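Pulled these from TrEMBL:
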- 1-176: region 'Disordered' (REGION)
- 64-75: compositional bias 'Pro residues' (COMPBIAS)
- 98-126: compositional bias 'Pro residues' (COMPBIAS)
- 146-159: compositional bias 'Low complexity' (COMPBIAS)
- 225-245: transmembrane segment (TRANSMEM)
- 257-282: transmembrane segment (TRANSMEM)
- 289-310: transmembrane segment (TRANSMEM)
- 380-402: transmembrane segment (TRANSMEM)
- 482-505: transmembrane segment (TRANSMEM)
- 525-547: transmembrane segment (TRANSMEM)
- 559-581: transmembrane segment (TRANSMEM)
- 601-620: transmembrane segment (TRANSMEM)
Amino acid sequence: MGQDLGIDLRKELGLRGGSNGNDGSSTAGLIESFPPPPPPAKEPHHMMAKKKPSQSSLNSTSPTEPPNRPLPPRPVSKLGGGLSRSTTNASGFTAITPLPPPSLPPPSVPPPSVPAPNRPPPPKPLPLSVRPQVPLGMNPPTRPGTSTTAKTTTSAATAMELPPVSTTDSKPRMSWTSTAASSLNVRRRIKYGQGKYSSVELVPQPSDDPDDPLNWPTWRKEVNFWSLMLMVAMTGVTKTIFVTVNAQVSQLYGVSYTAAAALTGVPLILSAITGLGCLIAARMVGKRPFYLGSLISFFIGTVWSTNVGFEGAYGQCMAARVFQGLGWGAWDALVLGSIQDTFFEHERNIKITIHAITTTATLWFPPILGGVASQSSAGFTLQFTILSSFFALAIPAIALGCPETVFDRAYTLSAAASAAPTPGTGLSGLGLTGTGRYKTSLPLAPYRLLSWETACTYLAKLHPYTYSTPISPSLLLQAPRAMLAPTTLLLFLVSFLPISALWSFSSSLSLIFHPLPLSLPPSSIGLFFFGPFLLSLIPVITFNYFYRKYSTIFTSTPKTHLFVTALGLVLSFIGILTFSLHISSSLTPNPDSLMATGAKVNLPAVGFVFGLLAMGAATLEHGLQRVTIGESTAFTSRNLGVKMRNEVDMGFGVEFYRKVMMGVFVMGTQTGNWVVFEGLRDWGLGWGLRWWFWGWVGDGVVGGVGG
């Protein structure tokens, strides 16, 4: 009790001293006068375990230590309230004095309103129809990059400050359309195919214009393609329509056999000339005007030929054949270009294969049927009568199913955009604009299959003349320059002799087998063409349908061109020599009887070796021409557009030279010496051996160019 009383007294005195505001010296002396409390007695161990500590004992401390209590929280200022100030008095206690609330700033006065300047509205974004659209494939080089091209590309990109395009991320890649478009920071999304070709990048890249032939619906592309194939087939039929009846034509008109053979040779030469003219002019006015003009000329010549089957009508028959030859040119020169304009690269090979098969089959199969038709009372004119009936399908197919396929996908934005050739087929009031050029296309409307608006819109796009571009010397000289290229000339020199010999022998069959002693009718002469028809299709299908694999082998395997050329050489050499020597030895009259019996002639063997000649000529044509021109243009063209154009120009360049020589051989080899067959033997030996040597020399040069 004494200890507790001392402690309480000390606390009481200390509290009162602090509350009176004294300095506490008297209170401190009074407290020190009390004796210190004795140490507390220790309790037994068993009592300490049972006794629970009280709350007051937990908070109490020894007299020599300060109280174990938490400090009060510091005052915190609040927005809008007054602040507090802490002061310590002489006795050591802290007093908190509230501060006056801070003075708020005066309300802000809004600045005087200033009228906004009268500025023009920002320009609207350009519509898609006038933005520069260039296919992706038109930009990169078509040959492997070199150090020079890499440096040029890097410096150009640095000068224009083009952002790098990443090809490793999962975002859709963007392509720069052209140099001019790059300066305008215009990029387009790379487009891919559909269906099983969804992962194939479209080459060339189509524009965003629905009138772009690459953007046509599938049915429209197919209608255009098969309409062209119909005309290619009809022209092929008329090229060999006289080969089984030349002897009858010579007797009917009372002219020489050379004049009768000229009905085949003259149109061939004219078709080469008109084809070259169409190829050059189509760059300026498009392909459709020449398709329509060639259709009209071909129609006039074919219908006219139905009424020339009487004596003394040789002049009329030749005039009709001239019209036909003028009509052949466009279908020989422009069809491959239309296929390139309409189909992408992954779709193009099967179309080119069909075109090659159609061209070859319609040359050598119709004589089989034409010989049978020519034995009727109407004579050979029945062939033209049957052919004329197909114009009921051909005329509407070309007029309604073959729109213009020439389309400019590269043009720049300028102030004179209206004066520049721009893509589209919208015409002012179904007529041309003031400058005779395209107007930009209208936006797509909701599609309806059968409606008056749909029909009018489609017919407006079938105007005969819907394309125009300024004429320039460089544009006019594109095709002639390609025709004078070394690859073009060497391909012609390697292959023209077998093909010319094939056409020469074809025109000579009637002269050889129609007179005595064999006196074969046109139907029997037509059977000789089974060999060329069947055997020539083998290399045509092989080298065109499997072109991708073959081109890979051709470029990766050395001496492939030598093997292909050797194969064509051997087949053609066997065909020329065997055909000429066998017929000459079998039909030469016996010196004793001065008559030739013809019993030694093996007609099936003649047809087979004739087919071997056609097979060798087709091997040299389709096994070398397409792949060699493709490799040559890939390493000489600056972009994909130039490469595609050069392929068409160089391909027709080879055909131009061949057709001229075919016409010359058809007319120049039908002489009287063939009747005694000495000239046939000499011709076969002379040209066969010469061409064998020249073929190997030319192949070495072509191999060097292609490699």
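Glycine too: its Cβ is placed from the backbone N, Cα and C atoms.
Since the structure is predicted, the reported quantities are computational estimates derived from the model, not experimental observations.
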Cβ under 8 Å, sequence separation of at least 6 from the ends of the transmembrane segment (380-402): give me the contacting residues as numbers and ranges.
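For the transmembrane segment (380-402), the far contacts come to 223-224, 226-228, 230-231, 234, 237-238, 241-242, 245, 248-249, 288, 291-292, 295, 299, 302-303, 305-309, 338, 370, 373-374, 462.
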Between the stretches 225-245, 289-310, 482-505, 525-547, 559-581, which one has more Cβ pairs under 8 Å with the transmembrane segment (257-282) than any other?
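Selected stretch: 225-245, with the most Cβ pairs under 8 Å.
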Look over the recorded stretches 225-245, 289-310, 482-505, 525-547 and say which has the most C-beta pairs under 8 A to the transmembrane segment (559-581).
482-505
State the residues, same chain only, that lie 6 or more residues beyond the ends of the transmembrane segment (525-547) and have a CB under 8 A from a CB inside it; answer 'none' if no residue qualifies.
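Apart from its flanks, the transmembrane segment (525-547) reaches 243-244, 349-350, 352-353, 356-357, 360-361, 364-365, 367-372, 502, 506, 509-510, 513-514, 603, 606-615, 617-619, 622-623, 626-627.
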